[in-house]
Each structure stands twice: as structure tokens, then as C-alpha cells.
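Annotation source Swiss-Prot lists 5-phospho-alpha-D-ribose 1-diphosphate binding site at GLY80, 83-84, THR88, 90-93, 108-116, SER120. Taken from Swiss-Prot, the feature anthranilate 1 binding site applies to GLY80, ASN111. Feature annotation from Swiss-Prot assigns Mg(2+) 1 binding site to SER92, GLU225; the stated evidence is sequence analysis. Residues or ranges marked as anthranilate 2 binding site by Swiss-Prot: ARG166. Swiss-Prot lists ASP224, GLU225 with the feature Mg(2+) 2 binding site.
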Amino acid sequence: MMHAVIDALCAGVDLSAEQTEALFRDLIAGALTEIELSALFVALKAKGETPAEIAGAARALRGTSVPFARPAYVYADCCGTGGDGQSTVNVSTAVAFVAAEAGLPVAKHGNRSVSSQCGSADALEALGARLDPPAEVSRRALDEVGFCFLFAPQYHAGLRHAMPVRRALKVRTIMNLLGPLVNPSAPPIQVMGIYDPELVTHAARTLGMLGCQAALVVHGGGLDEVALHAPTRAARLRDGVVEELLIDPADAGVAPAPIEALRGAGPAANAAWLRDLLAGRGAPAHRDAVAINAGALLWIAGRAEGLREGTALALEALGSGRAAERLTRFVALSRDGAQEARKEAKHG
């Protein structure tokens, strides 16, 4: 079967979502050799992945992930692909806590660093959080704190079969696109950053195929987030329709800032940065970068009439300093809840 698939891809033939889903279920089960995986990834990349192919791969991963009980209330995710190579501070993690403080719970799917010196998982771990509490503990955090972190390796163990190939290839493939698309909580609202501006609209259409109700996919001047230093190319998904947009910092009422103002450091420094920022002590460029991205999430979720209003709400939440308390509560719950779950399992 695989040779026929590779021949078709090399001839420029697109796969259906169902075909791609079946292939990725084989990947997850460890049924494909490293040579077959290499050929599949490279052939898809050379042809150019379609929204249907990406959606099929994402469905396979969602369908085989560790289950997470979806809440009935509205919640969201803000996650980027990484891979932009810019080594900026970990904006998306701060965005999640700010959005939660503004009333929008966030189930953040994430991993360790891809393009920066510190990913979401690295920063939270440096703050003392447990990355791998049981799913029910994470759901409790979402309910009680308005934030939970779903660590990708914990929920998608089958992806380990692709790691040797990804390390050997050292090029971007469909695997680099999938992280933000396979949140096991299947959030109805999402802001997704992407490393390639040419994939912005593709990704928005893919989210629609996956059942996302409202989304914004962004690439800002080389960053997988809304930028302060350049216009941001965006695609908004609403009611099944994708609309292309261009976002300028002035649209949100914040000042431009050079990308150099957002350069990051290692986990310990990022943890301190995150704590200070959420306590209302962030540098202006850091504050505005987080606010415009949190504002986009609040806008897309319907908590604000537009980006400017959403950004103002985010700035208010940042200024209050209360998001830092939310961070402290999450760290404690992730650690203590995991310990309680282990004790119950031991005595149960």
C-alpha cells in the first residue's frame, strides 16, 4: 500500500482525509518503518500538504490520544507551531493566564521548546508545575483555576515512533503543523500561530474541518503570533467561513516594538519573566505583546467586540496583577493534585 501512496504523492495527487487518517493511525501503532515514514513526510512536503491531509492526520492523533473530559462551558487554546527560529519570550503561556483572568478558561496544549530557548512546558516546569498530572487533575485545574496544561507527550504517546525520523530529516514536515491541531480537549475556540505565512489560510480551513467553532491563525513578521514589529497575516474562521486579514499593532491600540525587545532566555529566566509580567511588572513591549495576543483570543471567543476592546481587557487583567495568583494556584494544584491521585491509585 505504501508504495502506491508515495507514487501518488510524487505525481502530485492529493490524499483524502480518510487516507491520511489511516496512514497516521498506522504511524501511531508503530506499523510503519522509518524508511516509509521518511518517504511519506518528504513526499507530502514536496507536494504541499492540503487542509484535508492535515485534518486527517490530526483526526488520527485526536482519536488515539489519552481521553480528556470536555467541559460544557466555553474554553479555548492558544498555541503556536514553533519553528519560527526567533527565540522570543514565551508569549502564549502568558496569554493563557491573562485570558483566564479576563474570564476565558484556556486548556493549553504544549510541549518543550521548538524554536525558542524555552517552551511552555519548560517555563511551567521551572515554576514548579507538574507537566503530567492525570487528565482528571488537569480538568479540575481548568474548572477551578481557568487554566490547564496538556503536555503533548503524555497525551500522544504514539508520536514517539516518528521522533527518530524527524530528528534525522531536520526539515519541517507535516509533523510541525500538528501540535496546535491535536489538543486532546478539542477546544471550540483557538488562536493558532504558525511559522509560515503561506500556511495561514490552510491552517484555518483545517481547524474548520476539525470542528473548531471560531479561530484565528496568525503569522507576524517571522513570528508564530501577533507581532508588534510588523503587520500580522491572519485568517479568521467564523461560522465555517475563512476570512483573510492583516493586523497592525495600531488596530489594537498598542505601540510598535522591535522584535529584539522580545528576545528570550532559558527556563529559569522565562519563569521569572512570566511571574513578573503576570504580577503587573512587565516591560512595556512584553506587556503589549501579551495583551494584543490575549486580546485576539478574547475577540475570537466573543468576549470582546473587536481586537482593540479585547486588548484593552487584556491590559486591564495584566495591570491588576491577579493573573500571577492564578499561576500560583495552577502550579500548586498540578503538583498536589497529582500526588493525591497517586495516593488514591495506590490505596484503591
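Any Cβ shown, glycine's included, is placed from N, Cα and C.
Reduced to three states, the DSSP call for ARG112 (5-phospho-alpha-D-ribose 1-diphosphate binding site) is coil. Minimal Cβ crowding within 10 Å, among the binding-site residues HIS109, ARG166, is found at ARG166. Sequence-distant contacts of GLU225 (Mg(2+) 1 binding site), defined by Cβ-Cβ distance under 8 angstroms and a gap of at least six in the same chain, are GLY80, VAL91, SER92, GLY193, VAL218, ALA289, ASN293. Under the DSSP three-state reduction, GLY80 (5-phospho-alpha-D-ribose 1-diphosphate binding site) is assigned to strand. Distances between the Cα of ASP224 (Mg(2+) 2 binding site) and those of the binding-site residues THR88, HIS109, ASN111, ARG112, ARG166 are shortest for THR88. Spatially close to ARG112 (5-phospho-alpha-D-ribose 1-diphosphate binding site) yet at least six residues away along the chain are GLY119, ALA121, ASP122, judged by Cβ distances under 8 angstroms. Its own atom aside, the Cβ of ASN111 (anthranilate 1 binding site) has 19 Cβ atoms within 10 angstroms in the protein chains shown.
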